[in-house]
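Asker: What Swiss-Prot lists as substrate binding site is 97-99, 127-130, 137-139, Thr185, Ser317, 322-324, and the listing cites sequence analysis. Residues annotated as active site, proton donor/acceptor in Swiss-Prot, with sequence analysis given as evidence: His186. Residues or ranges marked as active site in Swiss-Prot (evidence: sequence analysis): Ser316. For Glu329, the entry in Swiss-Prot reads site 'Important for catalytic activity'.
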Amino acid sequence: MEYRIERDTLGEIKVPADKLWAAQTQRSKENFPIGTEQMPLEIVKAFAILKKSAALSNQKLGKLSEEKAEAIVVAADEIIAGKWNEHFPLVVWQTGSGTQSNMNVNEVIANRGNQILKEKGSDVHIHPNDDVNMSQSSNDTFPTALHVACVLAVENHVLPAITKLKETLAEKVTAFEHIIKIGRTHLQDATPLTLGQEISGWHRMLEKTERMIAESNTYMKELAIGGTAVGTGINAHPKFGEMVSEEISQFTGKQFISAPNKFHALTSHDEVVYTHGALKALAADLMKIANDVRWLASGPRSGLGEIIIPANEPGSSIMPGKVNPTQSEALTMVVAQVMGNDATIGFAASQGNFELNVFKPVIAYNFLQSAHLLADAIVSFNDNCAVGIEADEEIIKENVNRSLMLVTALNPHIGYENAAKIAKHAHKEGLTLKEAALQSGLLTEEQFNEIVDPKKMIAPKE
């Protein structure tokens, strides 16, 4: 491998000749050989959006030449397009402010910008700190990139995935609205409802968590840029934060604003905790939905078997003919990961000592992992399971007819204690509910048939 010599305030260091990064990135690469978790490319691209916006703002403020600004913008656009992904090698486990990743972006943009200028015959030189990082600090750029990346992940991936599954469940609510099944509480038989009603509960969960996520996401549209080192805005123009936020809004199509209090923006990540909490609420609901699906599909002969799920692959390497609820299992594992990520984010966000939180990279990594896992898992569950759910009406009807909990309909007519005696007698003697009721002498067959009708038990009545 061929190398070139780069220099920084610590001296000289060898850098691979074919890479666009420079000394500080190389030092980080050598000093932090920890794990395999690379800084998410979403953060890199959010940084590129920020650097592009900063260059244009500094140009408008008369602090950066048009020639340099144009080269920085072109280089940043290439990063956003994914052209230089392999030039961002740093892991998450670095300085807690994300300084090395900020400098990685600065160095790549500077070196690529200089290539662009050289191709045009210019002898102007772009400096990673003086030009690309002008009016900025890692302390305000990383939280800005964090918020931009998280907002885009939620609005471009998570929310559309929820909408997709919501639409599928809405179709199932209508398709199954006529199928009366036995309800279950505490994993025990309860009073009847329709399969459509049961699934409508799942649909409502997604409606609510979708709104929670969208609402919480608005708080992350406040950006730290303009706060520089400790929130005072030293070395930045007073209008810089607002101007950059406007540029970012224009490029992303999302309405970002300059955070009104930069001291808060640098040291606290409560907005990320709040939004990830909404993602955790979604995850909790998805766990419930996935579990209901796999339990309702259990069997086929020794389980509940009330719904049929698609057979996507052989279920067992030793037992032929099994159809396992693999999509539910994958989704519930994602939920477990999201729950763990939430604990990490909550603790990391509590570590804002004095003017700066120094757990930023791990917050970014875990939030973006949660967002993308949830989005991917929801789409997979929808496409490979939910759309293909069918009802086994024969088993559902059999379970309703066998249930002793239909006795609940007798409560207003013969009282709770008498109804309980009938249910216990039927269970003990192996009788149907009707047989036990008639033996009690409290009801005629005509009265029983009129009262104990599952169709009359699925909604309130006057």
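Every residue, even glycine, has its Cβ placed from backbone N, Cα and C.
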Asker: If you draw a 10 Å sphere around the Cβ of Ser97 (substrate binding site), how many other Cβ atoms fall inside it, taking every protein chain shown into account?
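Answerer: Summing over all protein chains shown, Ser97 (substrate binding site) has 22 other Cβ atoms within 10 Å.
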Asker: With an 8 Å cut-off on Cβ-Cβ distance and a minimum sequence separation of at least 6, pull the same-chain contacts of Pro128 (substrate binding site), or say none.
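Answerer: Within the chain, Pro128 (substrate binding site) has Cβ neighbours under 8 Å at Ala22, Met103, Asn106, Glu107, Ile109, Ala110.
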Asker: When a 10 Å sphere is centred on the Cβ of Thr185 (substrate binding site), how many other Cβ atoms does it contain?
Answerer: 9
Asker: Could you work out which of the binding-site residues (Thr99, Ser138, Asn324) has its C-beta surrounded by the smallest number of other C-beta atoms within 10 A?
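Answerer: Relative to the other binding-site residues in Thr99, Ser138, Asn324, Asn324 has the fewest Cβ atoms within 10 Å.
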Asker: Could you say which of the recorded positions His186, Lys322 has its Cβ with the most other Cβ atoms inside 10 Å?
Answerer: Lys322
Asker: Determine the Cβ neighbour count for Asp130 (substrate binding site): the number of other Cβ atoms within 10 Å of its Cβ.
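Answerer: If we count other Cβ atoms within 10 Å of Asp130 (substrate binding site), we arrive at 13.
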Asker: In DSSP terms, helix, strand or coil for Ser97 (substrate binding site)?
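Answerer: SS state of Ser97 (substrate binding site) = coil.
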Asker: Taking the Cβ of Glu329 (site 'Important for catalytic activity') as the centre, count every other Cβ atom within 10 Å, in any protein chain shown.
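Answerer: Here the count is 12.
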